[in-house]
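S.K.: Have a look at the structure that comes next, please.
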């Protein structure tokens, strides 16, 4: 029997480059916008924000390269002084604060999530189980440099660092991860359709 499965359409390199820049800038803007929805916690120097949600989504939707580029663009803009870090703060000094490790974690999380889901390809779907695994891995990797920096900057034990920088956010991040799993397939199809025409 003849295989009637359609081959992926050829990609116009110029179109791919243009939409790559557009998607990278769009997700960098979303991450920056997530900064302004912050809930401070009295028992932790780390507020609840939507930055990690959009950083994770950039990797899930765009793949490891453009997802990482979106987060890197956000980090660069913030390091240069744009007030887009938590608390509308900016400047490289924010990377040295107790919560600065989470900024690097956004980059690691986006890369990990993107490596698991891969780049969006025309007519090729990624299962929700794989997306869920990518979301869990991405969210957890945000915490690794964050907790390490909390421990050493505040000179506290590992238990104290985990209590301040991880435990209060488990439920909220579970909700963010579930939301990302729900909307990622649709967003990947949109990105793929735009790139492939």
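Cβ atoms here come from the backbone N, Cα and C positions, even for glycine.
TrEMBL entries are annotated by machine, without manual review.
Not my notes, these are from TrEMBL:
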- 21-43: transmembrane segment (TRANSMEM)
- 49-66: transmembrane segment (TRANSMEM)
- 73-96: transmembrane segment (TRANSMEM)
- 102-122: transmembrane segment (TRANSMEM)
- 129-150: transmembrane segment (TRANSMEM)
- 156-183: transmembrane segment (TRANSMEM)
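Buried or exposed, and what's around them? Tell me for each listed feature.
M.R.: Long-range contacts of the transmembrane segment (21-43) within the same chain, counting only residues at least 6 positions beyond its ends with a Cβ under 8 Å from a Cβ of the stretch, are 49-55, 57-58, 61-62, 66-67, 69-71, 73-74, 77-78, 82, 84-88, 106, 164, 168, 191, 194.
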S.K.: Using a Cβ distance cut-off of under 8 Å, indicate which of 102-122, 129-150, 156-183 has the most pairs with the transmembrane segment (73-96).
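M.R.: Against the transmembrane segment (73-96), the leading stretch is 102-122.
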S.K.: Which bits of the chain, at least 6 residues beyond where the transmembrane segment (156-183) starts or stops, bring a Cβ under 8 A of a Cβ in it?
M.R.: 41, 43-46, 48, 50, 52-53, 56-57, 60, 99, 102, 128, 131-132, 135-136, 139, 143, 146-148, 150
S.K.: Could you give the residue numbers and ranges of same-chain residues that sit at least 6 residues beyond the transmembrane segment (49-66) on either side and whose C-beta is under 8 angstroms from one of its C-beta atoms?
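M.R.: Beyond its ends, the transmembrane segment (49-66) has Cβ neighbours at 20, 23-24, 27-28, 30-31, 33-35, 37-39, 74, 86, 102, 105-107, 109-115, 117-120, 131, 134-135, 138-139, 142, 173, 176-177, 179-180, 183-184, 187-188, 191.
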S.K.: Apart from its near flanks, which chain residues at least 6 from the ends of the transmembrane segment (102-122) lie with a Cβ under 8 angstroms of it?
M.R.: 8-9, 31, 46, 51-52, 55-56, 58-68, 70-72, 74-75, 78, 85, 94-95, 130-131, 133-135, 137-146, 149, 165, 184, 188-189, 191-193, 195-196
